[in-house]
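A.B. asks: Pasting in a structure now, in structure tokens, and then I'll have a few things to ask.
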């Protein structure tokens, strides 16, 4: 565990919340490579079928950015994990992107891809698919080059802290938009903690700014190598209510039911949600 990760874990423990301390401890066994294989290599990483989970997520993001409403200068990706696909459509609309994760191993994994180093996960199939559905005539190499150029920093984050990026954040704040995929429900011991984490990240977003949130529905655990991680089982109505309580107008909320052939034993997820929410002006969280 790095010094930064030790301080994060210590911070969780100091909060005298045994649930969150247990989450921080469990994540020290997280293996990025195993997580990527489980979720972003075939069968779940097979993008050839339009009914697959990968195409569904990429389509939700592409269609939302295509409205032109979610744009600005700065975007923060909350809890990036070891993945970059969630920003492939975003990078055309924001010139300054901050990626974040609690774990140093995930930040290192992101660094491999951003620097085009050996051993980096190959996201080209995802980049090709996004270029196809966006239909702008852009090559996947151009898409990846633009994303790499616009990611300006990869920072530690702890969504359970009132200032998730720390007191002296290196990211320009408040951001014009936030993206977060499979983070909050996967690091919160219960629904109350999920709500509080959502409140915390909302402080990073300007009034009128947009949040694009992707997460698991009715999932209680998932595997990442030796790590078995607990998840808050969320229902669609709970996602909507949490967003409203955090001061958002829900612009779009879609759900996807995980088909039987993609229930591969690496988790017990039943479905996925995609939410587009806009922070109300004049609402203090």
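Note that Cβ sites are derived from N, Cα and C of the backbone, with glycine treated the same way.
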A.B. asks: Could you tell me which of the ranges 1-20, 21-40 is annotated in TrEMBL as region 'Disordered'?
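C.D. replies: Here TrEMBL associates region 'Disordered' with the stretch 1-20.
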A.B. asks: Please compare the binding-site residues 35, 85 by how many other CB atoms fall within 10 Å of each one's CB, and tell me which has the fewest.
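C.D. replies: Across 35, 85, these binding-site residues, the one with fewest Cβ atoms within 10 Å is 85.
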